[in-house]
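Features of the protein shown, as given by TrEMBL:
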ACT_SITE  His245  active site, proton acceptor
BINDING   Tyr25, Tyr131, Arg166, His245, Arg248  glyoxylate binding site
BINDING   78-80, Ser107, Gln129, Thr157, Lys221, Ser243, 276-280, 299-300  FMN binding site
DOMAIN    1-349  domain 'FMN hydroxy acid dehydrogenase'
Amino acid sequence: MRPPSSVREFEAAARARLDPAHYDYFAGGAGEEVTLRANEAAFGRLALLPRVLGGAAKPELGVTLLGDRAAAPVLVAPTAFHRLAHPEGEKATARAAAAAETIMIVSMASTVAVGDVAAAAPGARLWFQLYVQPDPAFTELLVRRAEEAGCGALVVTADSPVRGRRDRDERHGFHDLPTGLCCENMRDETGRVRPIEFSPAISWEHVDRLRDMTSLPIVLKGVLHPADARRALGHGVSALIVSNHGGRQLDTVPAAVEALPGVVEAVAGTVPVLLDGGVRRGTDVLKAMALGASAVGVGRPVVWGLAADGERGVRRVLDLLRAEVEDALTLCGARSVHDLGADLVLRPC
Ligand SMILES: Cc1cc2nc3c(=O)[nH]c(=O)nc-3n(C[C@H](O)[C@H](O)[C@H](O)COP(=O)(O)O)c2cc1C
Ligand SMILES: O=C(O)C(=O)c1ccccc1
C-alpha cells in the first residue's frame, strides 16, 4: 500500500490501527477542545506573503539549539506512552529522530526508561522532559537518570500543576496503562514503579532548585504570558517553549502561534523561543519561525507516524515535514530558516 504522504494521512492510518480509547487519548484535548482546534486553525488564518527571486538551490534548514544541532527546525515534542502506539515505543521514535538528525524530547512518562532509549538509539540527541514531583528526592533521582542517559537539556513542564480534564478519557474510562506497560522512569531504587504525581504548588522556587541541582540547560515548557517569559530570564532558564500542551491542559487559552509574538518580544533575543502546538505542515514551521521561533516541536504527528508504521513511520513524518519546510522556504524566496522575518506573515486584523 502507498505510504501516507502527509501528516493528515498518517493520522488516518494511526486511527485505523489504534484502539479507539488510545486514539482518543492521543488525539484529545481538555474541556470543549477549543484550544486543541485553535492551535491548527490559527496557522490556517495566517497568510504567507512570499518574496520572489531570492531563493537558494539548497536552502539552509539546520539549527543549533543549546549546543545540539538539528538538521531541520522540527523537534520531537515530549509525548507520553509510546508503547501504546507501537511495541517498540520510544526506542523506535528515538531511532527515527536520530536518522532524521533531530532532537527528541523524551517524556518523563515514557514507557521505555530514558537510559534504554539512549542505548537503543546511538547518535540520538535527547532532551529529558520533567514533571516536578512533590518528593524532591525523587525529582533529583529523575534528573540524575536524565544526566546519566546523556540528555542535553532538562525540559521542565510548567503548564501542568494538575492534569487537564479530558472528556474523551472519561468516556472511555482510560486512566491507566494496560498491564505490562508502565512509566519506566518512575522506578524507585527498589524497582517499584511510583505513580506520576502532579505538583499543584509548583513555583519559581522549584526552577531555582533544579538550577542548583544540575548543570544541564533548563528549558521551560508551557509559557504563554509575556510576563512569565520575562520572569523566567531571572531564573537561569536557557530556552522557552511557547505551548499550551497541545490543548490538553487549560482549555480556551490562545493558540500557541497566537501567544508566540508576545513571548518573543518579551525575551528580546536573550534566549531561544521554541513553539509547539498545531504544527502539521512545513508552512506552519515557516510561520512560527517568521514570528520569532527558533524551532518548533511536533507531538501528535510523531505519535501518528509511530502508530502507523513504527520507526519507519516516524522517520517518514519527520522527513515529510523537512521536505515541506525546504519547498516552502524556496517558494518564499528565502535562502535559510535564519532569514525569515515577521514581514513574511500577514496577520488577520
Ligand atoms: C498524547 C500526548 C502526550 C503528551 N505527553 C506529554 C508529556 O508527557 N509531557 C509534556 O511536557 N507534554 C506532553 N504532551 C504535550 C506535547 O509535548 C506538546 O506540547 C503538544 O503535543 C504539541 O501539540 P501537537 O500535538 O499539536 O504537536 C503530550 C501531548 C500529547 C498529544
Ligand atoms: O497526557 C499528557 O498530556 C501528559 O502530559 C501526561 C502527564 C502525565 C502522565 C502521562 C501523560
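Cβ coordinates are placed from backbone N, Cα and C, and glycine is handled just like the others.
The structure, with features from TrEMBL marked on it.
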| residue | record | Cβ contacts under 8 Å, 6 or more apart |
| --- | --- | --- |
| Tyr25 | glyoxylate binding site | Phe81, Leu84, Arg166, Arg168, Asp169, His172, Phe174 |
| Pro78 | FMN binding site | Ile105, Val106, Ser107, Met108, Gln129, Val155, Thr157, Lys221, Gly299 |
| Ala80 | FMN binding site | Ser107, Ala109, Ser110, Thr111, Cys183 |
| Tyr131 | glyoxylate binding site | Met108, Ala109, Thr157, Ser160, Ile196, Glu197, Phe198, Ser199 |
| His245 | active site, proton acceptor | Thr157, Asp159, Ser160, Gly164, Gly222, Gly277 |
| Asp276 | FMN binding site | Ala77, Ile241, Val242, Ser243, Gly246, Ala256, Val296, Gly297, Val298, Gly299 |
| Arg280 | FMN binding site | Val7, Arg8, Glu40, Phe43, Pro301 |
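For the binding-site residues Gln129, Arg166, Lys221, Arg248, Gly278, the largest tally of other C-beta atoms within 10 A is found at Gly278. Close to ligand 2, meaning a Cβ under 6 Å from one of its atoms, are these of the binding-site residues Ala80, Gln129, Arg248: Ala80, Arg248. Sequence-distant neighbours of Arg300 (FMN binding site) (same chain, 6+ apart, CB under 8 A from its CB) are Glu11, Phe26, Ala27, Thr79, Gly246. Largest CA to CA distance in the glyoxylate binding set (Tyr25, Tyr131, Arg166, His245, Arg248): 19 Å, whole number. Across the domain 'FMN hydroxy acid dehydrogenase' (1-349), mean pLDDT in this model comes to 98. Pro78, Asp276, Gly278 are the binding-site residues among Pro78, Tyr131, Arg166, Asp276, Gly278, Arg280 whose C-beta comes within less than 6 Å of an atom of ligand 1, given in sequence order.
Each residue contributes its Cα atom, and for Arg248 (glyoxylate binding site) and Gly278 (FMN binding site) these two points are 12 Å apart.
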